[in-house]
Amino acid sequence: MASEKPLAAVTCTAPVNIAVIKYWGKRDEELVLPINSSLSVTLHQDQLKTTTTAVISKDFTEDRIWLNGREEDVGQPRLQACLREIRCLARKRRNSRDGDPLPSSLSCKVHVASVNNFPTAAGLASSAAGYACLAYTLARVYGVESDLSEVARRGSGSACRSLYGGFVEWQMGEQADGKDSIARQVAPESHWPELRVLILVVSAEKKLTGSTVGMRASVETSPLLRFRAESVVPARMAEMARCIRERDFPSFAQLTMKDSNQFHATCLDTFPPISYLNAISWRIIHLVHRFNAHHGDTKVAYTFDAGPNAVIFTLDDTVAEFVAAVWHGFPPGSNGDTFLKGLQVRPAPLSAELQAALAMEPTPGGVKYIIVTQVGPGPQILDDPCAHLLGPDGLPKPAA
């Protein structure tokens, strides 16, 4: 048990982000520098978030970390990189203050606990939210006020995009030291209030090929990936920023789908090939295109990260009808009451015309559940001490 009160205890939350222009591949593995810029949408923390508590105490003999209740190896290189960067920034800040003595917090060890309210390692960008939350929480506990893009990026590249709400660009940068590889907000969460995001959870299983391993293989073997980074992404970044700025949903939706498709094409172009989509993912893709064809307009878009779960973008006036289409194509088993999570959706009947246009044999249980959410803000500080995941002794609180 700790004999002294902790020097500092901070709890924060951070959001998941979903890239609409994908990041895949590093030009520098140690500094986590991407081969192309990317652009993402920050999801609302009311539905998807990571919560992290960091506690500093003179009584701690080593750094320790718990993820979703299980203690993890604090020596993991990316975790160490985040801790090292934050402590370095804290020292620089202290040294710039007219010779202030080194604060005792910098000579102390830190305990960290983090929980996700969504499946970890299932293609739901858990590492992005996790490392963004870690960087943000450590910065608060150590009194660091500088840009945290580099700290979060060293943990997980896309984590730097979770440091902001709304629509966020991760600029690839050109400098060898990565100082210009930073995240920047393109538009705030209030910019497009009608935009909705539906996550169709196909599988919460851990994927066979992790992102880090997959990226490395693609960079080494895929000529399509090199072509994409150099000749396709720059123009798409500019066009996507325009779509967001002008709230041009049909163009936004089409570009989102095309970029997702090209990302997965680079995975297939990798040798040996990588496949993150499964049969249900492909049925969702067909459902989206048939839904749009029925309406004669692009009403819905899909995107897939490195996993089989679909992320759907649409506007609020289309959500109910699209949910009805998904319900028809992938009727829930016994969990009908828990099929829809998140924002409330008004029930809507599926018209006979749309049902005929979908031309799909139902696949019961293909979609486990749907999370309905919207664009949301960046990381938040929780002021209530009851929110801390660690007790006064620096150990995880017992589950309630």
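Each residue, glycine too, has its Cβ placed from N, Cα and C.
These figures come from a predicted structure and were not determined experimentally.
Look at Swiss-Prot and you will find Ala2 tagged as N-acetylalanine, backed by a large-scale study or a structure entry.
The (R)-5-diphosphomevalonate binding site feature in Swiss-Prot is assigned to Tyr23, Trp24, Gly25, Lys26, Arg78, Ser156, Gly157, Ser158, Ala159, Cys160, Arg161, Thr212. With a 10 A radius on its CB, Arg78 ((R)-5-diphosphomevalonate binding site) counts 17 other CB atoms from all the protein chains.
Feature annotation from Swiss-Prot assigns phosphoserine to Ser96.
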Other CB atoms, at most 10 A from the CB of Gly157 ((R)-5-diphosphomevalonate binding site): 26
For Tyr23 ((R)-5-diphosphomevalonate binding site): DSSP state (helix, strand, coil): coil
